[in-house]
Amino acid sequence: MAGRGPQIRRRRSVPIPRAVGCGLLLLLCGCAGGAPSTLDPGGVGARRVADFWWLLFWISVAVFVEVMALLVWALVFRRHPRRRLDRSDPVRFVVVAGAGLPFVVLLAVYGLGLRDLAALAQPETPPAVTVEVTGHKWWWEVRYAGVDGATANEIRIPVGEPVRVRLRTADVLHSFWVPQLMPKTDLIAGKIRETWLHAERPGEYRGQCAEYCGLQHAHMAFLVVARPRAEFDAWLARLAEPAPAPDSDAERRGRQAFLQSACVACHTVRGTSATGTVGPDLSMLGARWSLGAGAVPNDGGHLGGWIANSQTVKPGNAMPPQPVDAAALPDLIAYLESLR
Amino acid sequence: MSSSTAAERGTGPDPAAMAALDSHWAAAPTLRNWFATVDHKRIGRRYLVTAALFFGFAGASALAMRTQLAGPEAGVLSAREYNQLFTMHGTAMIFLFSTPMLFGFGNFLVPLMIGTRDMAFPRLNAFGYWVFLFAGLFMWASVPAGAAPNGGWFAYVPLTDERHTPGLHLDVYTLGLLFLGISTTAGAINFIVTALKLRAPGMSLNRVPIFVWAIVATAFMVLFALPVLNLDNALLFLDRRFDTRFFEPERGGNVLLWQHLFWIFGHPDVYIIVMPALGIVSAVLPVFCRRGIVGYPLVVFSIVAIAIISFGVWVHHMFATGLPQLSYGFFSAASTVITIPSGLQIFAWLATMLFGRIVLSVPFLFVVGFLVTFVIGGFTGVMFALTAFDQQTTDTYFVVAHFHYVLFGGAVFPILAGIYYWLPKITGRMFDARLGRWAFWLVFLGMNLTFFPMHVSGLLGMPRRVYTYSGGLGWDALNVLATVGAYVLAVGLLLVAIGVVHALRRGDPAPDDPWGGDSLEWATSSPPKPYNFAVIPRVRSLHPVWDPATAESTGPGADEDRILAEGRRTLFTSEFDGRPERAVEMPEETLKPLVAAVGLLVLFLGLLFAWYWIAAGSGALVAGTLATWLWPPHRAPEEAGMTT
């Protein structure tokens, strides 16, 4: 398995023992620094599947070598034009090699698969924290059971313990997938689904919608941030508090502009008169990893562009272009960036 | 085995009988007859050419998508365009290329291989082709109109309902597939009846070529699987157009119902595509090993086993939807078991090679390409049967890699092998082998370069069906490789097309049996006469052309009841043993199938644009045409070709 770097953006090396004999796969994995890789698990569920993958991989390599050896043997030694034809019908060879041996291998693999299926169904210990995730076209609404407050496209979890994730969709089907932590679970319209995450090490794990959900399916990413329990508790407490008050004149003017604009019809900033629920809660917007669920980085320039016309950034998203006065835009950006 | 030509084997019936056969079967080369033909060989050729055309469209869509994905956040295609193209790529490759292409081979070959003169229902056959052509054009025309389906080939609700996808997009999809389904169903029925009733005398079930077994098993799968898809599409159309609520959870519907119905069709459909292709492999491979296939009964058994088990594996497409664990355990087991009959076939082919004498011709090269790639697709297929691994890699590029190894490896390579193998029979021309070898190596390298890296990008977390992706996630280099591979692959496929055109224009005339084949199509001329066989052979073994007794049966002194020269007639035999029963009259050229198909086209256009009166009117036209078509002719029994 790969090394345990704390950050997903950091380049990782592929360790030698796994790599031996991987050939092309190794070569390609080698170029894969920073990937949200299923083969670089940071969680209990993904680790189980990664271990299973390597078993399946080596079995496949072995059988492939067997089949190719027979094929090459035939192509090399069975082409002599004066070769005497063998008219026998070696049915026993076909049955043993084509059905008997595969049956034994498949039975074993199926048993291991059942074991993993059972292991993924429930975490080993009952989770203390429950995250309520709702999929929207095309972003993730994130709440915590028993906590008033919400964020979007970012899920904080305590490290070293299982966390329950309850999944709903507000519109079409989506699929909740954090490759390094846990296999995916679909969000089904009209139903509630549950999965769990158990991060083994602190870090940031990229997740992405894995069920085609329309125009901007490509831009429906999120980040799972795993932190030590104390840090997580402090963050969760802040989630329920009012958003920070403006510090500077620019931020104050920005808040004024924000509250007088159409923004409040769709967005919430806790502790203000903005209580819309159509779009993401903005109370912690300044601290988020991206804008538009992974569409662009979260910085002043992109934020300004998003407000002015997000349709050029992420065509088809639900937010119409905003007629914000060019003079007021820097203040608005300053205010929104102060929301952390 | 004999390498002599049909002409040397026997001169057939006397000249008077030959002239009579010609006069009854040959159609004058008029424009009317071009539209009115019911000859299975012309219809088969049309299937092949039309399916290849749709393959070109769908392949061009794929090239556009690969160009967009060559780099992160590229702007070659908009999200709107990309989503339509990937939907049409999948839908067309599945419905408008694979099955019609293989049905084209079936159409051309099944009557020849079983030694008869046409399909059991020649007019239905013509009707099936016209419906396929019109349904394909119906769907492809939506692309330039900007109204192409955009919900993926699987069209999951609620994304595809009226609220989330207004416009014609999904109506083109549901109506197009319902329209096409008429053709596929008609074709399937025709194959089953043809193979059961029209086999040459003596061709008992244990002497039926494996390709024919595969086509018939496929046809049975179509008959059981396709109604479910038709139902699914009809419900969605009703939901969208008439506000029924089958799939709306807010009003008591169920979104998973769509998925269950879709995959009850969808998984058997994988085998509907692959099985006739495996049949091509079983036809081509032994001929170039200079012996019969090892374990014929085993191979037939595995075809039948796959056809049955494939109906019990559909939930492995739904392993991430949160269904009960127990059902996952069952469907995982069934999905694992179904690999065993495929394994049997692989080893039957390997044993045939090991116990044979290999001739490395161009068709055989494509068979080798098939073996290498299909085996890899098989490994990843087993992986997807295992629920936990499936949940991790489904809906990623890993699954895109998997099914392209299965479908390109398992269907396109055999189709290409089949094109080279039967081109001399179909066109009467030989192809340029050097060009064929170049094509093979480019296709083989291009295919692997395109799809192998996708295994890795999927494992590295890249989801499928994304019109773009962020840079720096480890996916960039892999996507460049895949795009380069796609262009190499396109050049290879272009060389195949050039090879076919070159053969038609410059190719040497083909002998009747250029490969030393074993099945009956090689016992006729290249291309075959309109009546296929001047004398319907009497089959004495599984390899009739390698068997002197069968060859002699078409020589001088053949029974009159196998010549049947006084009328357009062929022979009915019994379903199991192939005992002769009676001569039957075959229909002449007619425009009714075309008229009925045009009527259906107008009907479906009427439904699409909500011109319901026009739809009703054309429905009446179709019904009227069918009534005159099916009206019993007033003829004396002897005139109708009944033997007394």
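Here the Cβ of each residue, glycine as well, is placed from N, Cα and C on the backbone.
For B:34-540, the entry in TrEMBL reads domain 'Cytochrome oxidase subunit I profile'. Among the features that TrEMBL reports, transmembrane segment is placed at B:47-65, B:85-114, B:126-143, B:172-196, B:208-229, B:270-289, B:296-316, B:328-352, B:364-389, B:435-457, B:477-501, B:594-614 (among others).
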Contact between the transmembrane segment (B:85-114) and the transmembrane segment (B:270-289) (3 or more Cβ pairs under 8 Å, separation 6+):
yes
Considering only Cβ pairs within less than 8 angstroms, which of the stretches B:47-65, B:172-196, B:270-289, B:296-316, B:477-501 has the most against the transmembrane segment (B:328-352)?
B:296-316
Distant-in-sequence neighbours of the transmembrane segment (B:172-196), which means Cβ under 8 A and at least six residues beyond its ends:
87, 91, 95-96, 99-100, 103, 106-107, 110-111, 114, 116, 119-121, 124-125, 127-129, 131-132, 134-136, 138-139, 142, 147-149, 151, 155, 160, 208, 212, 215-216, 218-220, 222-223, 226, 229-230, 233-234, 236-237, 240, 575, 600-601, 604, 607-608
Report yes or no: does the transmembrane segment (B:477-501) come within contact of the transmembrane segment (B:47-65), defined as 3 or more CB pairs under 8 Å with a sequence separation of 6 or more?
yes
Can you find at least 3 Cβ pairs under 8 Å between the transmembrane segment (B:364-389) and the transmembrane segment (B:47-65), where each pair is 6 or more residues apart in sequence?
no
Short question: which residues 6 or more past the ends of the transmembrane segment (B:435-457) have a Cβ under 8 Å from it?
66, 362, 365-366, 369, 372-373, 380, 396-398, 400-402, 404-405, 408-409, 413, 416, 420, 475, 478-479, 481-482, 484-493, 495-496, 498-499, 502
